[in-house]
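As recorded in Swiss-Prot:
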REGION    1-190  region 'Enoyl-CoA hydratase/isomerase'
SITE      120  site 'Important for catalytic activity'
SITE      140  site 'Important for catalytic activity'
BINDING   297, 501, 660  substrate binding site
REGION    312-715  region '3-hydroxyacyl-CoA dehydrogenase'
BINDING   325, 344, 401, 402, 403, 408, 430, 454  NAD(+) binding site
ACT_SITE  451  active site, for 3-hydroxyacyl-CoA dehydrogenase activity
């Protein structure tokens, strides 16, 4: 053994060839934390000191290669002064450079996922051989930063600036065949041939058949582009990427600027450019929010995994109520491998559900994400039925009938008598109390809520609602099924609106107040879209459905009359009474035309102004900042109340629910992280400025206490 640490070992393989293996003890994956970086330095020193070494193969003892840096260390590291961040990155790069500068050839054997620092380690090697099942990429832009271990320097010098910009700015994982095509790897082999492939390359390099020094040289030099080529490549890319990323996500464009600035430098000077740009991005609020989001997501996955121990295996599912929603649920279950019965009392509803599932599967085939054979397999896994004949072996039933408590209670009581005693019943409801629905059941311990968001195939969140009598097994089984469907489940306790809708309706309440104060709804939409929402509140209401919003508003007002009940008519009342129901009937706040692709396109319709005129009670002058605060303060305060009331267990789950469920701007991190970014004391003072707007704007006593004590939601 040439070197042995807790993360890295170096041992002889054969005839002067050694294996530098990453295998971080006590972890399921390899990652570049402080320990691993320090051991890499020591391992490289040990190799350099051993005259018998003729070549190095870099490998992994895990199923993955290296997943990247240890993101948990970013939180503290990024609080350091910018100059210290630059120094830290340059120190790390000295280690990578020392490996790259070894006087012997090096080959990276990529067995699994190699992301971020993992790929940057591979780029420092002379050759890369990749398993057909592996994936590589530089996803740092998704964290609001860009590669900091040489990725912006080595990758463009290996695969060309255009390809490198595409890889770095998109941040996606790349398949082996795509990596080979652009020259990011030198060979692709079957998983069982990976070591043999690496040995073949290293032996050919040792023998002189391959000139490893010539292969290494371009990574040490400036980019081979003249001034005109640079201008065309970089200026065009910056314009395109800026349009794609938008103004709230600076990292992709900053990565291009770094590559451009370093284009005329050799490796060492280019790495200084990279380190300076990386440190600048690391200090932004966008990076802080996106890293927080990543850590929240990891926390969600850990919590969901904890349910696996007691969850029952779902081998056969069923959905009650076909149509668009039922068809979407059936599609999601079938395409992820769980056969599902789709029951309705009407043949036309069954056909609608099958058409929806077939359309979604066909779209995946068209995009190359599914083979025709897999599409047929998924369609065969959806069994339509008008009766309960095959329900005896169903493990979970998702009830997705009309949003009416009496109808739901009747359907749930009926199906309970048709399934086995331990089958789970789950109601896909957005507003109706799970405890209320449970009263109709003989086995309420087997009953939970399972709230899907529309459209089911696109929205990642599922709220699993625990009722007073829901058993841990029922909750765990539903969480496991949601995960199996490819969703991100969050367990919440029962209350009107649960988490997401309870928080969303105060946001709509702020919007209603603005419209009643004479503020143009088109202006409100533009301001909130600029703030970062995927669509403004008026457009969102149209997409959700004015009738749905009207019903939900009434449910929330009944549940929380002290702050959500408003005796005055609102914009939603006016539209609902005028049968302007949104996209579903072609007119709401906006009117809707069909574009060339058959999708609804919103257009301004002046007739809506006459509809809204009776509910405008004043003409108040407000700034764009006021608009944001009228909307965001009640949303944030309701999120605080959900956490305080125990509706959601952690701040991480609350924030992720809003990001996944209603498109809360990811670069702002979620409602509670947004409060943190302002400062809790500052947010309380801000809310107090709008106290005259009503109880939705009044901070809780506990939040005031947090402000007084200088506390945060995330430390």
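Glycine is treated like the rest: Cβ placed from N, Cα and C.
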Maximum Cα-Cα separation (Å), residues 297, 501, 660 listed as binding substrate: 20
Statement: As a whole number of Å, the Cα atom of residue 451 (active site, for 3-hydroxyacyl-CoA dehydrogenase activity) is distant from the Cα atom of residue 344 (NAD(+) binding site) by 19
- request: Can you check which residues sit near residue 140 (site 'Important for catalytic activity'), meaning Cβ under 8 Å from its Cβ, same chain, 6 or more apart in sequence, and list them in order?
  value: 68, 116, 146, 147, 148, 151, 168, 171, 251
- prompt: Relative to the Cβ of residue 660 (substrate binding site), which residues of the same chain, six or more apart in sequence, are found under 8 Å away?
  reply: 459, 460, 461, 488, 490
- prompt: In angstrom units, rounded to an integer, how far apart are the Cα atoms of residue 454 (NAD(+) binding site) and residue 501 (substrate binding site)?
  reply: 13
- line: With the fewest other Cβ atoms within 10 Å, the residue among the binding-site residues 325, 401, 402 is 402
Message: Looking at the binding-site residues listed here (401, 403, 430), whose Cα lies nearest to that of residue 120 (site 'Important for catalytic activity')?
response: 430
Query: Between 0 and 100, where does the mean pLDDT of the region 'Enoyl-CoA hydratase/isomerase' (1-190) sit?
result: 97
Statement: Across every protein chain in view, the count of C-beta atoms other than its own within 10 A of the C-beta of residue 403 (NAD(+) binding site) is 16
Task: Please tell me which one of the binding-site residues listed here (401, 408, 430) sits closest to residue 501 (substrate binding site), measuring Cα to Cα?
output: 430
Message: Going by DSSP, is residue 297 (substrate binding site) sitting in a helix, a strand, or coil?
response: helix
Message: In the three-state scheme derived from DSSP, which category covers residue 120 (site 'Important for catalytic activity')?
response: helix
Task: Work out how many Å separate residue 430 (NAD(+) binding site) and residue 297 (substrate binding site) at their Cα atoms, rounded off.
output: 23
- request: Work out how many Å separate residue 344 (NAD(+) binding site) and residue 297 (substrate binding site) at their Cα atoms, rounded off.
  value: 36
